[in-house]
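Written below as structure tokens is the structure these notes are about.
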Amino acid sequence: MMQSAAVPAEGAVKGLPEMLGVPMQQIPQCAGCNQHILDKFILKVLDRHWHSSCLKCADCQMQLADRCFSRAGSVYCKEDFFKRFGTKCTACQQGIPPTQVVRKAQDFVYHLHCFACIICNRQLATGDEFYLMEDGRLVCKEDYETAKQNDDSEAGAKRPRTTITAKQLETLKNAYKNSPKPARHVREQLSSETGLDMRVVQVWFQNRRAKEKRLKKDAGRHRWGQFYKSVKRSRGGSKQEKESSAEDCGVSDSELSFREDQILSELGHTNRIYGNVGDVTGGQLMNGSFSMDGTGQSYQDLRDGSPYGIPQSPSSISSLPSHAPLLNGLDYTVDSNLGIIAHAGQGVSQTLRAMAGGPTSDLSTGSSVGYPDFPTSPASWLDEMDHPPF
């Protein structure tokens, strides 16, 4: 900004004849009309000479006689200079003269008549509540709350969505492979390349990271689920094997004890220690030992360490005559030929031998109602029984 005043030229301008004796190179030229100045007074602004009639404002063309302002080689009056280069109103984008009263909102400056609501055009006075938008526009409180309620209702009914093309998606995916969380300048570059808003790019990366995290969590949960299912399946299989094994081996201990008493009662035995097993006779003594031969058929298999033998069928019991009871307090050992050797306490040695390969017992055929279903060999259901000695 420069300020200049009209100054008189050195010496009074003489008439033309006198001027003819002066070289023309010494006569100044006007910066406005490029003519030699032959006036009495010469105006000098920006080190240039002007006719008094040529020094005018570049905007309003008003002659400048008292004061002027210059910028970039042009001369302006005070009003036009501040309009062009002074502080501008945020609303109308016009310059504000320094003598005019203004209103300010944060860093924005307004004319008095421009400081108004953009919706209802009501001029805001001192003390009125208003909302300042990012671009400097003003909205009064009543209109802002009304517009916000309308926006909320419309947002609930219709939600705007951003459509991303295949090319844009490919660019974003490649950038995600390089860096799942890119810096701001990378997002700005992607925004310029794809044409998407920077906020859209940022939200896409946030959603992508959340999706990857959710997929990893679901994959881990699926692996643990498969592990637990396999463990449960293996435990269930072993449990079924145990149950099937228990079914193959017979019944439980309580059922076995009950059925044992039932069978023995039907067979005519009086107690569980088989004290009357000696009633089964019909054997032939041979060299201090005897063999049990009731029906001409040998018995099945006797358990190792068992002090008694169970006949193959109840019919074989009725055909055997009675003889004297066996001696108590016998000591038993197992013979290699599937037999049992009984040693008497007084040195009397008797061998109770039962050969394997006899007929199949009818206890497991279900032919009689009084006999439950058992496996073919008594060894399978007498395995877990405890037999007290005589």
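Placement of Cβ uses the backbone N, Cα and C atoms for every residue, glycine included.
According to Swiss-Prot, the protein carries these features:
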DOMAIN    28-87  domain 'LIM zinc-binding 1'
DOMAIN    88-150  domain 'LIM zinc-binding 2'
DNA_BIND  157-216  DNA-binding region
REGION    161-181  region 'Interaction with DNA'
REGION    199-211  region 'Interaction with 5-mCpG DNA'
REGION    231-253  region 'Disordered'
REGION    355-390  region 'Disordered'
Same-chain residues at least 6 beyond the ends of the region 'Interaction with 5-mCpG DNA' (199-211) whose Cβ lies under 8 Å from its Cβ atoms: 162, 164, 172, 176, 180-182, 187, 190-191
DSSP-derived helix, strand and coil totals, residue by residue, for the region 'Interaction with 5-mCpG DNA' (199-211): 13 helix, 0 strand, 0 coil
Arithmetic mean of per-residue pLDDT over the domain 'LIM zinc-binding 2' (88-150): 85
Summary of DSSP states over the DNA-binding region (157-216), given as helix, strand and coil counts: 44 helix, 0 strand, 16 coil
